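According to Swiss-Prot:
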type: BINDING; residues: 86, 124, 125, 126; note: phosphate binding site
């Protein structure tokens with residue numbers, strides 16, 4: 001039995017609140033249960049120096065957690081003077097996931113920076129960030145299209161979403177919350193596109209290695225979960 005009482009293939013309640021920020025070109029407050037992440041997409045009329053005059057744009061991401069997003073207050077990384085390895089890993093993952101579905105030449109020589117700020121954490125912050133970041137990116141591109149800067153359908157090639165899976169109490173489960181994640185025998189994150197393409201898989205065994213059969217079970221849970229998330233994205237942007 002899962003601590004939340006959910007079935008093995010049951011995700012937490014997911015919601016997307018678009019246009020959460022009045023300043024950003026695109027924004028979304030995404031909720032995966034008690035994990036809440038504010039995703040904002042900001043347009044910059046420039047590209048990194050190494051891309052200058054290259055005829056294409058760039059999409060990048062930054063990730064952070066508010067000091068009291070967790071049970072005990074964490075020190076701000078800015079006050080510590082450096083980002084943790086975890087933060088750097090997650091923001092690179094978010095950026096890679098978004099770029100997998102963007103036609104960078106169609107964006108022109110512009111950069112979209114997506115900031116994912118965790119307001120409240122209860123497991124799965126990176127997967128919620130990726131899934132919500134896609135909505136924010138979509139709305140930023142829609143803002144640009146309204147000003148004749150790009151064609152949305154030419155720049156954004158597909159959906160992308162992410163979900164965590166793991167083996168908890170010897171059972172494969174989807175969308176782990178913190179209690180499950182901290183006690184899981186295996187923990188994995190999957191990033192996939194709307195057409196079923198795999199962007200990234202991260203999987204780790206805690207003590208006991210997992211079998212190929214167990215991995216196949218996690219993969220199936222992830223595939224079905226991400227398909228659900230992408231349908232939710234479609235409903236959100238249609239509203």
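Keep in mind that glycine also has a Cβ here, set from the backbone N, Cα and C atoms.
Here the binding-site residues are 86, 126; the one with the fewest Cβ atoms within 10 Å of its Cβ is 86.
Here the binding-site residues are 124, 125; the one with the fewest Cβ atoms within 10 Å of its Cβ is 125. According to DSSP, residue 126 (phosphate binding site) is assigned to a helical segment. Across the residues annotated as binding phosphate (86, 124, 125, 126), the two Cα atoms farthest apart lie 13 Å from each other.
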